[in-house]
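Going by Swiss-Prot, these are the annotated features:
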type	residues	note
BINDING	Cys102, Cys105, Cys142, Cys145	Zn(2+) binding site
REGION	1-84	region 'DNA-binding'
Amino acid sequence: MSAELESIDHELEESIAALRRAGVRITPQRQAIIRYLIASHSHPTADEIYQALSPDFPNISVATIYNNLRVFKSIGIVKELTYGDASSRFDFNTHNHYHVICEKCGKIVDFHYPQLDEVEQLAQHITEFDVTHHRMEIYGICKECKDKEE
C-alpha cells in the first residue's frame, strides 16, 4: 500500500473516531464523503462531491452532501471556505494553513508559512483579545489560466 493511501486510511479512521465520539452514526455515504475530502486537494464544492460520488451512491442527494458537511464542520473535521458569492468549498485540512486563490477559475491551493503562526500570538499580545483563529488568502492567476491567456 502506498504511503498516500495509508495516510488517507489513517485520516479516515481518525475522522470516524471523531464522529463516533460525537455520537454520529457511521454510514457508507459519510465514509465516502470523508474519504473524498481527504483524497481531494481541490477544496470541492458540495456539487462537486455529489458528482464524484453519485455513480457509486445513486440514492445520494446534494442535500445529503450538505447535511453531512454541516455535521463534519460542527465536529471540526472539515472547514467551510466561503469566498464572495461563489459556492462554499470544503477543506479537510483544518490545521492552520493558507490559500492562494485563482481569480479566473477559482482554483484554491494550500500553502503553509510557519512565521504567520506567530501573528495570532502577536495580535493577542498587542490587543489583549482572546484570539481564536485567523484566515489569510492570497489572490492571483494560476499557471493553467496564465497558459490559456498566452
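Heads up, the Cβ atoms here are built off N, Cα and C, so glycines get one too.
Within its own chain, Cys145 (Zn(2+) binding site) has Cys102, Lys104, Cys105, Lys107 as residues 6 or more apart in sequence whose C-beta sits under 8 angstroms from its own.
Same-chain neighbours of the Zn(2+) site beyond Cys102, Cys105, Cys142, Cys145, judged by a C-beta within 8 angstroms of the site's C-beta center, are, in sequence order, Glu103, Lys104, Gly106, Lys107, Ile141, Lys143, Glu144, Lys146. Residue environment of Cys102 (Zn(2+) binding site) contains 17 other Cβ atoms, counted within 10 Å of its Cβ in all protein chains.
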